[in-house]
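Engineer: So TrEMBL lists these for the protein:
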DOMAIN    B:23-196  domain 'Electron transfer flavoprotein alpha/beta-subunit N-terminal'
BINDING   B:225, B:250-251, B:264-268, B:281-288, B:302  FAD binding site
């Protein structure tokens, strides 16, 4: 089976930005804040591109769900080597309560539309930190899942040998395709998009859809009651030397 | 169609209001031992209210089940012991969870935020068409939960509307229940029609360690990029052995190959909240702080006085770790409480 990969690309607040909670406690400030492709999704895109470079994949379709600005995120994926992109536009109001369940339903529907047989996503988005989309998509499709993956090795064209990062070490499994894979940090080192590739990416096809086109209901499953700052730690004191450090720890009863 | 659907959901809500709260906890175990995180997940479930049922699933889990039956606060213990559950593949564990759900119609399904439950529970949620809630820090009521977002830089309180609530809970946020009970295990409902062809467990490479397990240790000593090499971690292991601590690391130390990835503390690694966390040669990036800033006492040793780690450290020492750590090793016995 020729491999057609659907790769999930979420636009998130850049990992280096220190987020601020809105004064009205409805969320965090995202306007005027630098956004980029979720770092784990970058790793997913990279893995898809490597599979294509090894001639193991035929087509890579980058998908993003969210407001219009997600198209920039998709252009990044295209510049890295994705062949085409699908933007599932979700208006801001609905985007606030959009959850992995909704996104997974969209991805599942898109596998029919694109005849994809592998979904590659990051293990978690660094904004909602949910770590759910791959697992839910696999459940909806009844496909096997390989999560927190640090190595993918295709076996022929119908199965993959996988190494997963688990508590306490590594785990080796084998999954049959079609399957869903979620990328962990150590799967690969994502490439930078070069200027010529960024220019070329502008000409690659980007299809716009809505959740309705796909028959996916985005009704909110949660209501956000409040978003608050985490409790602030009381500032500690610096000590001069090792003796003071140890004396302090003894005083605190920690050693 | 729309009217029908709306009518359906109203009916669901009414049912929910009448349904008695009851929780299924998915037990975490490794190497034939019940993981302490399970006891924290039971504690969280007790906070929800209602009866708590514990499910132990796996291959050769009789020992784990005996241990699990001692957990205070559970009413029932279900055991699914089957050779096909070796390696705890989600494709095979999920049908077991669903079979128990069909039998008892739980309102909540809970697991600890560990690699196992994070892998399994969202797939259960997909089958029940509900939206799972990850890494819960606090439970306000049977449908109001608190969880961290943005690497712990914001805390979200949410009301869950789904008929069944599926939660993973942060073990360090809930004190483990005591163990003194004696619950008799019962066989869990059989899962049917499981496709065993789609995934296969091959093997595990578990890092052997005599030290306490990182996520449940009372003391943790972590090294970062400043350690310069894997060999230098020996100092930290020596210190850890002296005070019975676990050893952790920053992402930089893992990426540089100093230590294996399962030692990583941070947003995407382990979340720890020990009594004592000692950060050595760690600058304190947002992503690392997300994994340890709830520790009771944080100690930082770094030669850069401007390192962000000092903003969260209770006790900071600006010093070259290659001088300070050997000195600590030499002097610590003199300071230890007997």
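Any Cβ shown, glycine's included, is placed from N, Cα and C.
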Engineer: Which residues does residue B:264 (FAD binding site) neighbour through Cβ under 8 Å, counting only same-chain ones at least six apart?
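Structural biologist: In sequence order, the residues whose Cβ lies under 8 Å from that of residue B:264 (FAD binding site) (at least 6 apart) are B:248, B:249, B:250, B:251, B:254, B:270, B:291.
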Engineer: Going through the binding-site residues B:225, B:282, B:285, B:288 in order, which have a C-beta under 8 angstroms from some C-beta of chain A?
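Structural biologist: Checking chain A against the binding-site residues, no residue falls within range (Cβ-Cβ under 8 Å).
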Engineer: For residue B:282 (FAD binding site), which residues in the same chain are close in space, meaning a Cβ under 8 Å from its Cβ, but six or more apart along the sequence?
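Structural biologist: Looking at Cβ-Cβ distances below 8 Å from residue B:282 (FAD binding site), excluding near sequence neighbours, one finds B:222, B:223, B:224, B:225, B:226, B:250, B:288, B:300, B:302, B:307, B:309.
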Engineer: What is the one among the binding-site residues B:225, B:288 whose Cβ has the most other Cβ atoms less than or equal to 10 Å away?
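Structural biologist: Output for this query is B:288.
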Engineer: Does residue B:267 (FAD binding site) have same-chain partners at least 6 apart in sequence with Cβ under 8 Å from its own Cβ, and which are they?
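Structural biologist: Looking at Cβ-Cβ distances below 8 Å from residue B:267 (FAD binding site), excluding near sequence neighbours, one finds B:151, B:152, B:286, B:287, B:288, B:290, B:291.
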Engineer: For residue B:225 (FAD binding site), name the DSSP secondary structure in the helix/strand/coil scheme.
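Structural biologist: The three-state answer is helix.
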